[in-house]
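Have a look at the structure below, then the notes.
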Amino acid sequence: MKTIGVLTSGGDAPGMNAAIRAVVRCGIYNGLTVKGIMRGYQGLIDDEIEDMTLSSVGDIIQRGGTILRTARSAEFKTKEGRAKAAEILKKHEIEGLVIIGGDGSFRGAQLLSNEHGVNTIGIPGTIDNDIPCTDYTIGFDTACNTAIDAINKIRDTATSHERANIIEVMGRNAGYIALYAGLAGGAEIIIIPEVKFDIDEVCEKISYGIKRGKLHHIIVLAEGVMSGLELSKMIQERLPKLDLRHTTLGHIQRGGAPSVMDRIIASQMGARAVELLLENKSQRIISIRNNQIVDDDIDTALAMRKEFNFKLYELSKILSI
Ligand code: ATP
């Protein structure tokens, strides 16, 4: 193997730059030529490819986003699009491709390998932490830290005014950000897609809290359940006297300097991706499980189901009584 490529695909996540840096620097350290592919699979199809040097990844470990940009590509979902992508890889003599993204991006990689024999390695990068094979995805820890920073600030003003606040966090169809940020931020109520929603239970808990003299109520809501506005309306119908506000954190959760944990995981995963390609391994997804960097066959990884940490959810309920 002489030349490898790296791209970021799907939603961006803090720490992707640290992973790119690790792929480029470990690749060059091992005598490889590393090419950066701009704008995910679409950039690959459009031949937006640049040679990476040691300095092209200088001063990026601390930056959120991705210097390679990211995109979603409808064209890559077609057989013709993938054939074009494979041709471009051949033209640049790229023998191994590292894909940093979510499970959609991995499905794309799986097809590219199966149809055109491209050596692919996937690195999980998404703030949602919704990739089953790994305990943590790059970006999740930073997004949770951003969310608790916002929760802390909202809690200050909620306490001063003796208000209830709904904080809607991201996570797509998963409740990991809500659960982790909710527990770490001391939320009274956490609403996530993995647990059946019961509006009466929510209102009872708020009423109970008022009776026991709580000065604020922090309700962390995962976007996969409903919007903050919808929940606010449902609560106000039942508790019209409650002073209630809602905040949608939105895209601030996708940006910012990556946390230590995200930088370390990303660096390890990027390095492992290069090692795997040098070992002539292909169609592998890198994960972190039980604090170990591991890798699985892409078919196995994509077929895994993530067990939601209900114990953590139960703990959050106990700690917020
Ligand atoms: P995130 O979880 O952050 O959204 P993701 O990788 O799951 O990341 P997607 O939009 O699902 O994001 O996928 C990114 C790109 O990967 C798509 O735009 C498409 O080009 C490619 N892709 C996704 N699913 C497939 C598929 N089933 N077949 C081929 N390509 C796919």
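Placed from the backbone N, Cα and C atoms, the Cβ positions cover glycine too.
According to TrEMBL, the features are:
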type	residues	note
ACT_SITE	Asp128	active site, proton acceptor
BINDING	Arg21, Ala22, Val23, Val24, Arg25, Arg155, Gly186, Ala187, Glu188, Arg212, Lys214, Leu215, His216	ADP binding site
BINDING	Thr126, Ile127, Asp128, Arg163, Met170, Gly171, Arg172, Glu223, Arg245, His251, Ile252, Gln253, Arg254	substrate binding site
DOMAIN	4-277	domain 'Phosphofructokinase'
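Locations of recorded TrEMBL features on the structure.
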residue : record                 : DSSP class
Arg21   : ADP binding site       : helix
Thr126  : substrate binding site : coil
Met170  : substrate binding site : coil
Glu188  : ADP binding site       : coil
Lys214  : ADP binding site       : coil
Arg245  : substrate binding site : strand
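Across the binding-site residues listed here (Val23, Met170, Ile252), the residue whose Cβ sits among the most other Cβ atoms within 10 Å is Val23. Within the same chain, residues at least 6 positions away in sequence whose Cβ sits under 8 Å from that of Arg172 (substrate binding site) are Asp128, Asp130, Glu223, Gly224. Here the CA atom of Gly186 (ADP binding site) lies 22 Å from the CA atom of Arg254 (substrate binding site). For the domain 'Phosphofructokinase' (4-277), the predicted model reports an average pLDDT of 97.
In the three-state DSSP classification, Ile252 (substrate binding site) falls within a helix. Ranking the recorded positions Asp128, Glu188 by other CB atoms within 10 A of the CB puts Glu188 at the bottom. Listed in sequence order, the residues of the same chain lying 6 or more apart from Arg21 (ADP binding site) and placing their CB within less than 8 Å of its CB are Val57, Ile60, Ile61, Ser267, Gly270.
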